[in-house]
Amino acid sequence: MSLKSERRGIHVDQSELLCKKGCGYYGNPAWQGFCSKCWREEYHKARQRQIQEDWELAERLQREEEEAFASSQSSQGAQSLTFSKFEEKKTNEKTRKVTTVKKFFSASSRAGSKKEIQEAKAPSPSINRQTSIETDRVTKEFIDFLKTFHKTGQEVYKQTKMFLEAMPYKRDLSIEEQSECTQDFYQNVAERMQTRGKVPPEKVEKIMDQIEKHIMTRLYKFVFCPETTDDEKKDLAIQKRIRALHWVTPQMLCVPVNEEIPEVSDMVVKAITDIIEMDSKRVPRDKLACITRCSKHIFNAIKITKNEPASADDFLPTLIYIVLKGNPPRLQSNIQYITRFCNPSRLMTGEDGYYFTNLCCAVAFIEKLDAQSLNLSQEDFDRYMSGQTSPRKQESESWPPEACLGVKQMYKNLDLLSQLNERQERIMNEAKKLEKDLIDWTDGIAKEVQDIVEKYPLEIKPPNQPLAAIDSENVENDKLPPPLQPQVYAG
């Protein structure tokens, strides 16, 4: 997969992300550019060719040995009887060895050896009882999920149980062969549900996700970064490579992200967190989910910076920058684990497959990164790699202090503190003003109440002259009109 470095940044033709056989699915560097389906076909063909070539070589060597032995027998007919008996004994031993090897590969021998392996490797009841809490939880969730599918769920559970019981006896196989067994299991279960169970595709996908979660939670510690592979060696190599490239700046990669914008800076931190969190997950689908979340944070950061949707040419350089800045633990082991044991349909299509393929491209670019990729001279690249100097140091010497990333962040924080101080002083002044207004308002209300009380007292004073009773003698009653004049009755 060719990676091009141009003035506007790193560019990868989107067609190069697809399977090189032209089937339309996403390819993978671990599969030599093929998709999962085409890679398995090519792998089987290559394996059959290798077996045929090995068989032909063995037959040719056997014929040459027999011819050489026959020739030596005819030329040494005059030798002593003792030597002839010695040769005869040697031939008998060789024949016996060949017979033993043939018996070993016979059906009865395979059955016997399998029985011995089962007796030797069958897990004891005590080991079965020592299951982790997470495994028990996942198993319970898996059973509860399958209950909703009735007969299909029972069949799926039966097949899954048989697969898990058979895997411990395959640990002597190479990790590629164990991966092939797992991929065959995925394919057989999915095909059986579609053909026999007539299960809709969307439900098949959900069931396959639960199957993957169930079996890989149980097999994780046996198949992730096994000792028989060089995964750990590759992890150390890529970590060392990333540490050596600590001097690479976003400008060299033409990363369209401005980390001075707070929202963008937050997105970058979240993207790094997600790519690092990938190592803590057990299920391939969960690891892919971390890659997908990381990629979406990258797209959001680019969108905020450019005020427009991000393109694929913007995404890949930024993903490379995130990987360099985060240096995720056991990166190669996680990529290999996903490649070997993830449901292949998830890697061949969809956003998960697209983002995973881009991550593989980013790692491949980092491994092959050179001076031309960064638009640098070979001399500068060598000096940066050797640690003699750093572009960040040169920038700090030639630029004003506020241009350095660390100093710039410090000034930014000081500016924020200054703004907070101004806001606090403004709030304090407003609070004091409010307090004074409340005091003035209280005094004003008290004065108004006092004035009203003085003007309209609450206590009613008795009148200076007594009030005239209606039946009392009043000289002024005569002045009233006749209807209103009081009448006096003698009691």
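Cβ atoms are placed via backbone N, Cα and C, with glycine included.
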Next item on the list: State the residue range annotated as region 'Disordered' by Swiss-Prot; the candidates are 66-85, 186-205, 226-245, 326-345.
Entry: 66-85
Margin query: Checking feature assignment: zinc finger per Swiss-Prot, candidates 13-47, 258-292, 398-432. Which range matches?
Written below: 13-47
Checklist line | Lowest local Cβ density (other Cβ within 10 Å) among modified residues: S373, S377, S390 | finding: S377
Check: Out of K151, K170, which of the modified residues has the smallest number of neighbouring Cβ atoms within 10 Å?
Finding: K151
Notebook entry, point to check: Over the coiled coil (407-448), what does the predicted model average in pLDDT?
Noted result: 90
Next item on the list: Round to the nearest Å and give the CA-to-CA distance linking K151 (N6-acetyllysine) with K170 (N6-acetyllysine).
Entry: 29
Note to self: Considering Cα atoms only, can you say which of K170, S373, S377, S390 is the nearest neighbour of S132 (phosphoserine) among these modified residues?
What the structure shows: K170
Checklist line | Number of helical, extended and coil residues in the domain 'VPS9' (232-375), per DSSP | finding: 112 helix, 0 strand, 32 coil
Note to self: Spatially, which candidate from the modified residues S373, S377, S390 is nearest to K170 (N6-acetyllysine), comparing Cα atoms?
What the structure shows: S373
Margin query: Roughly how many Å lie between the Cα atoms of S377 (phosphoserine) and S390 (phosphoserine), rounded to a whole value?
Written below: 14
